[in-house]
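Following: one structure in structure tokens, then a few remarks.
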Amino acid sequence: MTRLIRSKKQFLIRSLHSVFYYLGSLLHSTFEMNVFIGLLLATVVASQSSEGRDESYTYKQLCIVDDKPQVLDGFDCRNQVAVARWQNAVNTTGWTFLEVETKENYCPQLQAYSAGYLEGLLSKTVLTYHLKNAQEDYCKNFTGYCSRLSDFLTENQKWIQSSLETVAPDDLYWGAVNRTYHQVSGLIDAYEGREFKPRITYELHPILYLNLNGDFYDLEKKLNKTRDPAFEQTGGKCSGLIKVAPGNADLFISQVTMSGFQNMLRVIKLYKFGYDRQFYPGYASSFSSYPGLLYSSDDFALQTSGLAVIETTISVFNTSLFENTKPVGQLPTWIRAIVSNQLARDAREWCKLYSLYNSGTYNNQWAVLDYKKFKPNQPLPKNGLFYVLEQMPGKIVYSDLTWFVEKYSYFPSYNIPFFKEITEISGFIGQAAKMGDWFKWGASPRAKIFERDHGNVHDLDSLTALMRYNDYKNDEFSKCKCNPPYSAEAGISARGDLNPANGTYEFPGQGHVNHGALDYKGTNVELMKKLQFVAQGGPTWGKVPSFKWSEFDFKDKVNHVGHPDEWKFNTLVHKWETEINA
């Protein structure tokens, strides 16, 4: 009987696949057809399976067989170029997991393309969901803006292609850019069902758009896209914290990313490349990310170089600065972040590398911590432990702030610039004059909460508690000139969905919005050695209710394919199968 039921299900799926393929063939492009078929078929398969509840990895590998590359199942072929591990446990943990490892005895471009190709194969279903949720409607009702965006990106891609084709073969920086483009090209080719053919594609593919998602924050302003107030994120985009434990016993770095709830399909990733470690000290990196993205984008990333990197986004209120953002001569943030993570040997070099080819898009405050410089229970070094970098269009400022951590034992990051020059040119002074302390460094709600509560952090559990903190109805620092007189956006982990839709607020991002904290990540000295970190998926819960799509009034307005209904997951530390010695 079980076999009969299973065969009927398989027959139904095959039959529906044929119908879906015919209907999908009526669409205009291969990409549209793939998304259409993938979503419909995945919906049927999901109803017959335990999708999102994987208890172990699925493996694929790229092997050389009879002098030809072949994709095989498993992880132990003889002439292995790359191996990838994938686990979709979003319904049990709030996360999916990916490990990709490439082997040093093959050329770097083949390694990079293979890494992307295997990721594209393994993550295709979840990537299809994420494209549906995060990308599908991006240009809906914004055809003029998207035409301008396409023109801008096309010109930028042409400049990058020209640079890659003319730069000296031994140029280390552009060599890393080349490998990054091979990796994303492999991912695109696998997703589209194309043959394995190591190359670079410069097409404006939706997967490229996913990697540019952070850069779009500012390109939308430069290219005049009008935002929906219900999706306004002026309230805050991330929270970050660097903290030294009492007696210098431990060193923590953590970050909470905030965004629209459609972006909650997440991947905890590890890339380990067989690159020359002399030139690529960050040959391996672990990070929180999203389907189809080659970098964190939160950002939270740990490197074998000993560098841990986070960022929180800074708004550009002085829009005249975008005259400095041009399609020629500049690289988007996602590429510069990857290159800096791979090539930098210390925090200062990371800042120097990241400062090259400033695009003035995805303008962030970056915090770079060098764990090599820290010795538990010993005095902090005088310099080199901790750098902060802030970017605006046309301007980057960075400095060694080891002294700050030594003096105050912490450094908080909450979407407001620290450096005076960036504060002045960004327009934050004028914004604070209009809107008050919400936009003042040291005076905003999260600044005050960090100042009051950082002293409670002494281990990973207390770090997690602070970074997931939101008690907006009772905390004095969450009060505002609003009705009701507080905002759930005024927490270390925001929950804009909890603000009443009929409330009155000082500005849209303070009120009822599709916006909140999507996760938590944090590490310490011991976990950093293995590129591991504590993670918690989904919006914060405990002092506030857990997030449920079925109870969210935006549920019919915001795509959330592949999501669990209730996001109520515990913390975890994912242990890598790949051997890591950071």
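Any Cβ shown, glycine's included, is placed from N, Cα and C.
Computed from a predicted structure; not experimentally measured.
Here Swiss-Prot flags 1-42 as signal peptide, drawing on sequence analysis. Feature annotation from Swiss-Prot assigns N-linked glycosylation site to Asn91, Asn141, Asn178, Asn224, Asn318, Asn502. Annotated disulfide bond per Swiss-Prot: Cys139-Cys146, Cys480-Cys482, in sequence order, evidence recorded as similarity to another entry.
Shown on the structure are the features that Swiss-Prot records.
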| residue | record | DSSP (3 states) |
| --- | --- | --- |
| Asn91 | N-linked glycosylation site | helix |
| Cys139 | disulfide bond | coil |
| Cys146 | disulfide bond | helix |
| Asn178 | N-linked glycosylation site | helix |
| Asn224 | N-linked glycosylation site | coil |
| Asn318 | N-linked glycosylation site | coil |
| Cys480 | disulfide bond | coil |
| Asn502 | N-linked glycosylation site | coil |
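Here the Cα atom of Cys480 (disulfide bond) is found 30 Å from that of Asn224 (N-linked glycosylation site). For Asn141 (N-linked glycosylation site), the spatially nearest entry among the glycosylation sites Asn91, Asn178, Asn224, Asn318, Asn502 is Asn224, judged by CA separation.
Ranked by CA distance from Asn224 (N-linked glycosylation site), the recorded positions Asn91, Cys139, Cys146, Asn178, Cys482 have Cys146 at the top as the closest. Closest by Cα distance to Asn318 (N-linked glycosylation site), from the recorded positions Asn91, Cys139, Cys146, Asn178, Asn502, is Cys146. Around the Cβ of Cys139 (disulfide bond), the same chain contributes Tyr145, Cys146, each under 8 angstroms and 6 or more positions distant in sequence.
Checked against Cys482 (disulfide bond) by C-alpha proximity, the glycosylation sites Asn91, Asn178, Asn502 yield Asn502 as the nearest.
Within 10 Å of the C-beta of Asn318 (N-linked glycosylation site) we count 17 further C-beta atoms, all protein chains included.
A simple way to gauge crowding: the CB of Asn502 (N-linked glycosylation site) has 8 other CB atoms within 10 angstroms, across all the protein chains here.
Most Cβ neighbours within 10 Å, among the disulfide-bonded residues Cys146, Cys480, Cys482: Cys480 holds that distinction in the structure as shown. Remark: Asn178 (N-linked glycosylation site) has Gln109, Leu164, Ile200 as non-local neighbours, by Cβ distance under 8 Å and separation of at least 6 in sequence.
Asn502 (N-linked glycosylation site) sits 32 Å from Asn91 (N-linked glycosylation site), taking the Cα positions as reference. Highest local Cβ density among the glycosylation sites Asn91, Asn141, Asn224 belongs to Asn91, counted as other Cβ atoms within 10 Å over all protein chains shown.
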